Amino acid sequence: MKRFKEDGFLIREFFKTQQKILKGIFWEKRLFWAKFLIGFSFVVLWLRFFYLQVVKYPYYFKKAKERSVVNYVIKAPRGEIVTSDGVVVATNRAVFQLYLDPELIKNKEDEVLYKLSKILGEDFGSLKERYYLAKKTFLGRVLIKRNLNWDEVAKIMVRRYYLPGVKIEVESERFYPYGEAYFHLLGYISKITLEEYKILKEKGYSMEDYIGRMGIERAFEERLKGKNGVIEIERDAYGRLGKEINRILPVPGEDLVITVNHNLQMKAYELLKDKKGAIVALSPKDGSILAMVSSPSIDPQKFIDGFTQEEWERVNSSPEKPFLNRALQAYPPGSTYKIITAIAALKSGIVSSINNTVFCPGYFRMGSRIFRCWEAKGHGSVNFIKAIAYSCDVYFYTLASKLDVDYLAEVSKEWGLGKTTGLGWSEEKEGLIPNRAWKEKTFKEPWYQGETVVMGIGQGYLLVTPLQMARVYMAIANGGYLYKPYVVKRIRTLDGKIIEIDPQIEKKLTLDQQHWNWIKEGLLEVVKIGTGRAAFIPGLNVAGKTGTAQVVSLAFKKIKALEHHAWFVSYAGYSDPEIVSAILVEHGGHGGSAAAPLARELYKSFFGIKEPEKIISETKEETLSDENQ
Amino acid sequence: MKTSDIKEIFKENFWGFFTVFILAIFGILNQWIVAETSSIFWKNLFWHLAGLIGLIFLAIFMDYRKIPFHLVWYFYWFLIFILFILLFFKKRWLNIGFISFQPSEFIKPTLILLISLIASKEPNPYLKLKTLAKLFLITFFPLILILPTDLDYAFIMFIMFASFLIFIGIPRRLTLSLIFLGLIIGLLLFPIFWKNLKPHQKGRIYGYLYPEKYAQTWGYQLNQSLIAIGSGGLWGHGFKRGWSTRLHYLPAKYTDLAFAVWAETWGFIGVSLFLVLYGYLLYFFIKISNTAKDWLGKYLSLGVALVLFWQALFNISGCAGLFPMTSIPLPFLSYGGSITISVYFLLSLVFNIALKRYFFK
């Protein structure tokens, strides 16, 4: 028994020991798996953090910055524009803007707004409405009123302890001291649209930015714009603004010096006031623009101060289209084009001598058709000089009838018509010089010689801009140098450097010396004895050509709106011509009576000539009988 | 005892202590970043200092072999206490004066001790079915009790103790069949379970699945956490310079998202350092489990290692978007009296075992 017991005890002891050993071995194994589980999980975590913090770092950093930093744009002041005689015509002025910080006036908005409405003398209800409307669109501070006057500023500053959250900030704003007179030349600026913003975002534009819309403001946008600055301010999860973390100062735009003569520009606008039309004055020496005016006009300041609803409707839907820069719009040239016909005839040898005469009975017959001269009585026998002076239609019908239309078109294009002048403004029109190919393409009809005859006196399909016409006469005045017109002559960059812009010659036109002389003599005679006598100034050599462009047929002549366009393109100077001008008065009537007197006033202003009033009235009466065709 | 022995003991346990010390400093630093010098910072500092002192005191003077015998009574009182809370307060937090008290945190050390005690009596490598049934009852009864108030905590505790029991030794066949059965029951019960989830609990799942889509609602926490972590980059924003923390974009930055604060401030380098230290601590515990002189010590130290491991894993991977976000605090970094006391108590148990290796009678 005892042995068994002892055996049993031994066996149990043996099993116990075996189990103990096994348990120890198993435990070590299990601990290995525990280590494996922990190690594996930690490596996965570590890799996840590597992915988040190293691989995706730029993505999350951008998100964090977008969320926690607010950017305030500090607008860069636009560059100034100064005329050649030193008058600043586009600048910036400091204005006081009234801001409210919604965070600081929480729960007492009504109280603060009520006090403000008392100070500003505004209706409390409308102010409140404006505030809540603006609060939705602005981030952070809300613009309550712009352009405060000194009185309002003083009143608010005195009470600023009773007006929490009210801030007055000085900002720079575009200012056009001469308003309407420079509208089409300088252009205007207005708020950037959403579509433009999407495209221009990369160039550093902000949603609040203004962008040049016309004229110099648009053409030189990149120079004038400058570079916006930015203030980066922290914003917490509740929308409260914290400390400033970064500030980049704005870089102002570059200043431009333009070739325009301020007095001449103002005079030109004064002359066109209450009329529709355009005046362009160029310097024949280099093609620089001395004045460019279009009427009716708009005050560009309104685009910054804001139009009232009524004003905006009047401007936007007016049949007079004040937005158009008429100096760059295309019109039928009328008789001013005859000079091109004359040049083409001279070049092709149709007029070989100055004494070649044509008899003008008052009409020109071609086959069965009759073309009338504006002078129903006829001019009698006219030579080249006289034909220009009196603008004899029959003479030019005769020349044109001997010319080929393609050749005439070629000469026109050579003299810069039918294409843009190289000014580089997108609002500039090309005009239209018809030829056989054009007619075939447009009307699917052949060209008739009768149309060449009509084209010879500047009627028909022809369309030219006042600037193109001024350029033709500029080339005559300076002996064939066809300059590209330009308006900005100097750019003052930020580092103080000055970039001079040199005049550019498109081409040098050639004619026989005697042909130049004949044309110049003809143009002088126009003002001395011919149709442009209204532009005569004693002691000054004024030479030019009138034009009366037919808009509709003669039957409707009496209706004012459908009167002819009056042209006068001329140049003037004592010995050498110093100024060329093209004047167009839309529906003004005759060139000699509606446009030429304006040229006379313009030149008097340019050359500083003072004349007694009497002589003017005399000349006016003389010009009443005028061309008409 | 010879001085060379003391040197030996010091050498073997120094790095474990040191790691705890460094992690405690991390915790204090992290609350400094978040709370500046508000009362939360001072309270946190107090808990950590008290915890460290308690840790040293308990590690040296306590004897882990003598605790569990009194524990059964404590455990039953505790269950009654929890029932009381559930019935009368229906809250997961209990406010006693200035301390808010989270009973769930104290279930963990209790259960570890009980499980280790019962399992250590078992001489076999695998637990007998009878013992296993007892352990299941002891473990899952309190978990079911806290389920209604603290769903995610109950779930994670289930994983903690299930894994603990598996390591202690559930027969392999039984383990596999239980997991299989669990999966099938889980799948069958899922629709009913899903229907009864509270909106905020469902929202956490939505937020986890589509953090960017629900960025303003359910995914807000996760989205902000990811931005905070990702924007930290390699080197981090630097001390007190993180945007998410400073500008109040991170919700629950004291507790659940404390690790996002850490990651934003110190970047990938800081995250790696924390993971290495924490991992080393767990490795140290497993080493103790291997070398402890009795089974109670072995089980206890593995239990502590597993609890701390799951707790950190669920918190950190919740912040990083790997798991759905839970309201589990992260040991050391998160603020909280209950968690800090509980963690330091667990640590002192392990260090006590570590020291007792040399004074074993």
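Just so it is clear, glycine is given a Cβ too, placed from its N, Cα and C backbone atoms.
Taken verbatim from TrEMBL:
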TRANSMEM  B:12-33  transmembrane segment
TRANSMEM  B:45-64  transmembrane segment
TRANSMEM  B:71-89  transmembrane segment
TRANSMEM  B:101-119  transmembrane segment
TRANSMEM  B:131-147  transmembrane segment
TRANSMEM  B:153-170  transmembrane segment
TRANSMEM  B:177-194  transmembrane segment
TRANSMEM  B:266-286  transmembrane segment
TRANSMEM  B:298-323  transmembrane segment
TRANSMEM  B:335-355  transmembrane segment
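Contact count against the transmembrane segment (B:131-147) (Cβ pairs under 8 Å) is highest for B:153-170, out of B:12-33, B:45-64, B:153-170, B:177-194. The stretch from B:101-119, B:266-286, B:298-323, B:335-355 with the most CB pairs below 8 A to the transmembrane segment (B:153-170) is B:298-323. Sequence-remote contacts of a segment are chain residues at least 6 beyond its ends whose Cβ falls under 8 Å from one of its Cβ atoms, and for the transmembrane segment (B:12-33) they are 40-41, 44-45, 48, 51-52, 55, 239-240, 242, 245, 254, 258, 261-262, 265, 274, 277-278, 280-281, 284, 288, 331-335, 347, 351, 354-355. Taking Cβ pairs closer than 8 Å, the transmembrane segment (B:45-64) reaches residues 20-21, 24, 27-28, 31, 296-297, 300, 336-337, 340-341, 343-345, 347-349, 351-356 in its own chain, all 6 or more past its ends.
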